[in-house]
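Data block below; observations after.
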């Protein structure tokens, strides 16, 4: 029997297969089970299952969203497993011992640097900031300059006391600020690494803020400046109370402190100009303050050039203490700094004028040739201008004199080496730059700074060394010279004594210093009342941390006696050179100078061609 298949094919119905409904139902169920024994996709399931028998999905209602229960379970499970693993790993890391790679301890130069900078905090005059960090110091001399009838300044409160007394000498103080600024310009990264960059900049600003008070810094032309506050002359047996006759804490001073002015003081004005110009580079990111410093520097330098004279001439009050021998070196020095601060080539033309260099002593030797000090800046100016030739090479018309300065700098560096006999040395190895005279250390630290700096200049210029006659010396020799001298000061000497107060365990305990030698016990000692502390053999009750004393004699001998200032008195200028040398030597030797900051204001240089030759004449 045949039927018609609705899909187009024949469908045979066998009569023999005409079974009961129950049999067909059972057969169909067997067929269903056989068919469902293999996986079916969703569409196939929909064919076989009726509407009410379709597979139901399960969901989880989270309130803000509905998600599949399967996804929810997997997500929660993953988070729990991850949290467990993270906690387990953290536990292992914290319980398992490990080797910590800590930073190496600071070197001796960095440790000494921290202390040497603190000396400037102890020397501050005026209203002290809250963070001065010298417990035995307070505000002092708050009436300086106020009783004077001068019209070019309102007051002279602030600044720094020069040494163990309370006199404010602008000449050595300006040099100290110039040296500190120079060291920051060259080695700001090292100051930063030591954590002292902000501190040293505060020290510089305290000094430059005061210098701006000592003349009319807003004017373009001036005719007078203040040179000194306080007096120290005790000649002729004078018993008039002053800063040398009396032995008093600065906070207790009640005698009059005169102000000394000058109208012909080229050396002082040019050194002040150098200080302000160098500081303007330090504070170049503070545009308003930097411009104020530059304007003041220009005004001072113009004054120094127009009204010639030595500030200490004619029996000046400063002459016995800080007598200036010449102002020509300050012209070269100040001109160089003003060029770097402004980029104005007129200052470079002045600083490289052969006649100026000749008057400054650049072309003859002499016993003090190559010795940088508060009096003579020629050696510093020669190094500073050699830098210009090494890195910018300005060419004509400066090349000839710059090459001369560069060659002279090389000769100076040769003179520092032990194999040359320009300067004697003590048996302990201290170079005698002042030829056996007292107070040698201030000259030694300046030389150590120049040697390290010049060596770093050569390395930055990819120059491995320099010649002394036919012999070639590596830049390492310069650093070794500087290290031996600073190491001597830090205690590597026959007496095993550190000449920096507070550094090491064996250092001077009787520094010639009024504030450090008189206890702060709420008792005011008058002018003569403090003499008992001056003459006492007991150690100073207050530690003058970081003060570099005057130093040993030419036989490596040292007398730790308060009244002998040739051994035990520290000075601003001395400590500024010390700070500069220490920061130059600090660190692991991988950080050199900052090649570019000093040239921030210098425009691009395009060497001017030399003039054409004269027409040929037959």
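From the backbone N, Cα and C atoms, a Cβ is placed for every residue, glycine too.
A TrEMBL annotation is a machine prediction, not a hand-curated record.
The region 'Disordered' annotation in TrEMBL covers 1-24.
Feature annotation from TrEMBL assigns transmembrane segment to 71-93.
As annotated by TrEMBL, domain 'Glycoside hydrolase family 9' applies to 109-582.
Around the Cβ of residue 512 (active site), the number of neighbouring Cβ atoms within 10 Å comes to 26. What TrEMBL lists as active site is 512 (among others).
According to TrEMBL, the feature active site maps to 560 (among others). Its own atom aside, the Cβ of residue 560 (active site) has 17 Cβ atoms within 10 angstroms in the protein chains shown.
Cβ neighbour count for residue 569 (active site): 21 (other Cβ atoms within 10 Å of its Cβ, all protein chains included). The active site annotation in TrEMBL covers 569 (among others).
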Integer Cα-Cα distance in angstrom, residue 560 (active site) to residue 512 (active site): 9
Integer average pLDDT (0 to 100) for the domain 'Glycoside hydrolase family 9' (109-582): 96
Rounded Cα-Cα span from residue 569 (active site) to residue 512 (active site), Å: 5
